[in-house]
Every structure is written in C-alpha cells, then in structure tokens.
Amino acid sequence: MKQVKDQFNRPLRDIRISLTDQCNFRCSYCMPAEIFGPDYPFLPKEHYLSFSEIIRVVQAVTELGVEKVRLTGGEPLLRKDLPELIHDLYTKTMIKDIALTTNGVLLPKYAKELKDAGLQRVNISMDALDDDIFKRMNGRSVSVKTVLKGIEAAKSAGLDIKINMVVKKGVNDEQILPMAAYFKNEGIPLRFIEFMDVGSTNGWQLSSVVSKQEIVERIDRQFPVKPVDKAYYGEVADRYIYADGSGEFGVISSVTESFCSTCTRARVSADGKLYTCLFATKGHDLKPVLRSSALVEEVKEYIASIWQRRTDRYSDERTEETAKKRPKIEMSYIGG
Ligand code: SAM
Ligand code: SF4
Ligand code: SF4
C-alpha cells in the first residue's frame with residue numbers, strides 16, 4: 001500500500017466525512033441560532049455527494065493508508081438511509097474502523113440498525129448534566145434526559161461509546177466535575193474539548209477557553225489522575241486514567257497545546273470538498289474527478305497530490321488576530 005505524506009512528513013491516516021450541514025440543535029459554539037436561522041443558506045441536498053461517490057472516496061483513501069472513517073455533520077443522523085451507507089462502507093471498502101459523531105437525539109431510533117450495518121463506535125456530544133445549562137447550550141431546549149436515552153440505546157446496541165463535551169468558560173465549566181463523576185461511574189470515557197475558533201460566527205474569544213491544564217487540575221483535585229501515553233501516532237486527545245482504576249478521560253487541547261505536528265486527518269464536506277485542515281479557508285472539489293471518471297485510481301491520485309502539497313498548521317500559528325480575521329469554514333459544514 002502506498003503511504004502518502006505531506007510537506008511536514010505527516011501521513012494521511014484518517015478521514016472525516018460530513019453527511020449534511022443541517023442540524024436539529026443550535027449549539028452556541030457551533031451554530032448560533034441568531035445566525036443559523038430559517039434564512040441561512042444551507043447546502044441544497046442535490047449538492048451532496050451520493051453514497052456511491054462517498055464509497056469511491058473511501059476506497060481511494062484506504063489505498064493511501066487510511067484505516068479510520070468518521071461520519072459527521074451537521075447532524076449525520078439526519079441524512080436519509082444512513083444505515084445503508086454504513087453497510088456499504090463495511091462491505092465495499094477496506095476500511096477497518098467506522099465511527100460516527102452525533103448529538104445522540106436520534107440514537108434510540110437508529111442505534112441497533114447502525115450497529116447491525118457495521119458501525120463500531122459512536123461519539124455522543126453532551127455538554128452538561130444540568131438541564132438548564134444543557135438546554136441553553138444546545139439552543140433547542142433539548143433535555144439531558146433525551147441525550148441520556150441516546151447513550152443508553154448505543155450501549156444496548158453494543159456500540160463503543162465516548163462522550164464529547166465542549167467547555168466554555170462561564171457557560172458550562174462548572175459542569176466539568178459533575179460530568180467527570182457521572183461518566184467515570186458509567187465507565188464511559190469523556191473527552192473534554194477546548195472551545196475552538198472554528199468558522200467565524202461563534203463569537204470565539206481566547207478568554208472563553210478553559211485550558212487543558214485547568215480541566216485536568218480541577219479533576220485531579222477531586223479524583224486523582226495520571227497521564228497515559230498516546231495509544232497511536234496522531235491521537236488527538238491527551239488521555240488520563242483515574243488513580244482508583246475506574247477508567248479514563250481525555251482532553252483535546254487544540255488551543256492551548258496544539259498538535260499540528262502529528263495531524264493525520266483529512267475532511268470531506270457534504271458537498272464533496274476535501275479540506276486538509278479544520279481551519280481552512282478553501283477546499284478542493286472532489287466532484288469533477290468523481291464525476292468524470294469511475295476509476296478509484298484517479299480519485300486516489302488526486303487526493304494524494306493534494307495531501308503531498310499540504311502545509312497546514314493553523315493551531316500552531318493561532319493568535320486572537322488570525323481567529324478574527326482569517327475567513328474559515330464553519331464547524332457545522334465540515335463536521336469537527
Ligand atoms: N452534530 C454532531 C455532534 O454534535 O456530535 C456532529 C457534528 S459536531 C460539529 C462535531 C463535534 O464538534 C461535536 O463534538 C461538537 O461538540 C464539536 N464542536 C462544535 N463546535 C465546536 C467548537 N467551536 N469548539 C470545539 N468543538 C466544537
Ligand atoms: Fe449540531 Fe453538533 Fe453543531 Fe451542536 S455541535 S449545532 S449538535 S452540528
Ligand atoms: Fe490539523 Fe489544522 Fe488542527 Fe493543525 S489546526 S491539528 S493542521 S486540523
């Protein structure tokens with residue numbers, strides 16, 4: 001198998017595919033309701049890549065060394081016939097690891113079907129245990145109980161689960177400890193994510209970020225923890241285990257401790273643009289090559305040529321200025 005490396009010698013190892021830019025939530029840090037209203041120009045559905053095009057992209061990247069695919073959005077469970085896509089990924093590509101990131105609301109309906117189709121892992125986003133805080137953050141007054149039912153459904157279906165919690169200072173940082181305690185007890189790994197300046201609509205300021213160091217210190221004071229080594233090259237979260245042996249949590253510290261030097265991830269938007277960085281301004285349209293040739297080989301060469309030219313290291317270079325001035329794609333469009 002050909003391995004493809006970029007200008008800083010970083011191999012392409014995993015890919016995230018957004019299935020829609022629409023969502024049934026309006027999280028303040030991702031799709032603020034005042035901007036993503038009824039008039040927001042979401043992608044027309046006819047611009048989405050078809051399932052067979054997605055399969056060809058995945059076939060191409062597996063030949064370049066990719067072993068993991070994560071389906072995301074917007075809210076990926078809003079994409080019609082998702083179990084069918086997962087079944088095709090499982091049966092028609094060499095991908096070894098199929099994962100999904102979701103807000104969890106539709107999991108009671110789909111978890112078993114998704115697992116039966118070949119889904120292995122699910123990251124469920126939940127930012128608070130306190131109902132008022134959670135309802136405010138998700139912008140649609142969805143209760144904690146609704147997401148807990150989604151988590152329960154994923155568990156019953158036999159999916160591996162992680163929880164994602166974006167931490168915003170003064171909004172939900174008081175929930176760090178209750179969330180840690182709850183999921184420690186449940187035996188489910190929690191991933192804290194530093195609030196990031198993705199896009200240009202979420203009003204990001206450095207002063208709203210709770211640093212990895214502060215998150216770990218707060219937990220360590222209550223439940224002593226120990227750091228553990230990365231499980232593999234390019235792992236994004238720094239992981240910690242509880243000293244009492246009751247499991248682990250992780251922190252994704254894109255803002256305060258960037259990890260661009262080991263970034264192995266490509267992203268594809270629902271309308272088929274390939275992005276080599278979460279904070280990119282422009283993508284590379286895959287549709288012309290997907291629509292002009294049925295050959296996986298040509299898609300593979302095109303993606304390889306883009307990856308080989310890649311020089312991204314936005315988080316290494318981030319300042320308050322870049323965060324405000326550089327035009328960047330929105331998180332709901334590219335999928336995190
Ligand atoms: N709708 C799904 C969900 O929320 O899980 C999938 C898409 S969402 C864009 C993917 C992940 O990005 C979620 O875990 C979400 O919390 C995270 N996210 C969104 N905006 C973010 C931001 N500004 N900073 C850090 N993480 C963010
Ligand atoms: Fe929707 Fe996920 Fe963005 Fe929240 S984080 S608005 S659930 S896409
Ligand atoms: Fe990778 Fe870009 Fe994030 Fe750096 S900022 S880790 S290059 S996605």
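Think of each number as a place in line: the chain as shown, counted from 1.
For all residues, glycine too, the Cβ spot is worked out from N, Cα and C.
Annotations in TrEMBL come from automatic prediction, not curation.
Note that the structure is a prediction, hence the values are computed from the model and not measured.
Under the heading domain 'Radical SAM core', TrEMBL lists 7-226.
Annotation for Lys162 (GTP binding site): same-chain Cβ neighbours under 8 Å, separated by at least 6 residues, are Arg121, Val122, Asn123, Ile124, Ile188, Pro189, Leu190, Arg191. DSSP classifies Lys162 (GTP binding site) as strand under the three-state reduction. What TrEMBL lists as GTP binding site is Arg16, Arg70, Thr101, Lys162, Arg265, Ala266, Arg267.
According to its DSSP assignment, Cys27 ([4Fe-4S] cluster 1 binding site) is coil. Just so you know, the Cβ of Cys27 ([4Fe-4S] cluster 1 binding site) picks up 22 other Cβ atoms within 10 Å once every protein chain is counted. TrEMBL lists Cys23, Cys27, Cys30 with the feature [4Fe-4S] cluster 1 binding site.
Among the features that TrEMBL reports, S-adenosyl-L-methionine binding site is placed at Tyr29, Gly74, Ser125, Met196. Close to Ser125 (S-adenosyl-L-methionine binding site) in the fold, though at least 6 residues off in sequence, lie Cys27, Thr101, Thr102, Asn103, Gly104, Ile163, Asn164, Met165, Val166, each with a CB less than 8 Å from its CB.
Cβ neighbours of Cys277 ([4Fe-4S] cluster 2 binding site) (same chain, under 8 Å, six or more residues apart in sequence): Cys263, Arg310, Asp312, Tyr314. Annotation note: Cys277 ([4Fe-4S] cluster 2 binding site) sits in a coil segment as assigned by DSSP. Here TrEMBL flags Cys260, Cys263, Cys277 as [4Fe-4S] cluster 2 binding site.
Proximity to ligand 2 (Cβ under 6 Å from any of its atoms) holds for these binding-site residues out of Cys27, Tyr29, Thr101: Cys27. The distance from the Cα of Cys260 ([4Fe-4S] cluster 2 binding site) to the Cα of Gly74 (S-adenosyl-L-methionine binding site) comes to 24 Å. For the S-adenosyl-L-methionine site, whose binding residues are given in the record as Tyr29, Gly74, Ser125, Met196, the maximum C-alpha distance rounds to 16 Å. With a CB cut-off of under 6 A applied against ligand 1, none of the binding-site residues Arg16, Arg70, Cys263, Cys277 are retained.
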